[in-house]
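Novice: Dropping the structure in here first, questions after.
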């Protein structure tokens with residue numbers, strides 16, 4: 001497998017540069033909407049919790065930012081064409097216009113929209129790049145930490161993708177117990193985040209308007225999509 005060979009190459013050849021290269025590897029995977037969980041597990045196996053977690057966390061953030069910037073510039077027409085496939089996105093975009101950081105953070109914790117498309121969908125909302133990066137970094141931390149921890153319990157790089165049959169009973173106990181603790185933590189965080197997200201969307205999305213107008217200039221690809229709520233129909237009549 002290509003990613004496994006890549007991790008082996010990092011282990012055998014890069015030494016102290018390994019964490020940096022691992023982090024940069026998130027960029028092409030995220031831009032291509034390829035799940036990077038193997039890299040996250042590999043980071044835990046290769047570098048342990050402190051270094052592996054930092055490398056994976058930073059890598060996931062810069063990868064998400066690269067996809068975001070691509071969607072906000074040359075990829076914007078494609079992203080706009082896909083918005084109609086995600087009915088929940090309209091409510092999300094309205095909420096982001098009012099509470100950008102909070103909504104992006106909650107979306108990272110709650111799988112309301114497909115993760116692989118989330119970076120691109122958020123690129124056509126008014127959220128600022130700084131808010132997006134910080135909220136994404138914080139919101140992806142729980143799942144990153146859980147995967148890195150599981151990676152630290154692996155016996156061999158083969159276990160990242162296959163070959164779990166040779167893991168000892170003791171190691172299985174460590175893996176399962178750590179995984180269960182991680183899952184419990186993620187479930188608790190997700191429930192709280194889900195409740196907050198639903199509340200925020202309900203507060204921002206209920207205006208009694210059948211369709212919300214999209215204000216966007218096709219000629220300027222670097223401007224984010226802005227969705228505004230029409231509070232009065234009189235303005236349109238005038």
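Using N, Cα and C of the backbone, Cβ positions are placed for all residues, glycine too.
The transmembrane segment feature in TrEMBL is assigned to 20-39, 46-70, 103-122, 134-152, 172-193. Annotation comment: TrEMBL describes 34-152 as domain 'VTT'.
Structural setting of the listed features?
Specialist: Same-chain residues lying 6+ beyond the ends of the transmembrane segment (20-39) with a Cβ under 8 Å from its Cβ atoms: 3-4, 6-7, 10, 14, 46-47, 55-56, 58-60, 62-64, 66-67, 70, 116-117, 119-120, 147, 160-161.
Remote same-chain partners of the transmembrane segment (46-70), defined as residues 6 or more beyond its termini with a Cβ less than 8 Å from a stretch Cβ, comprise 7, 10-11, 18-20, 22-27, 29-31, 33, 36, 39-40, 119-120, 122-123, 129, 132-133, 136-137, 140-141, 144-145, 147-149, 151-152.
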Novice: Pull the DSSP breakdown for the domain 'VTT' (34-152) and write it out as helix, strand, coil residue counts.
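Specialist: The counts are 98 helix, 0 strand, 21 coil.
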Novice: Looking at the domain 'VTT' (34-152) alone, can you tell me the average pLDDT?
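Specialist: Here the mean pLDDT over the domain 'VTT' (34-152) amounts to 87.
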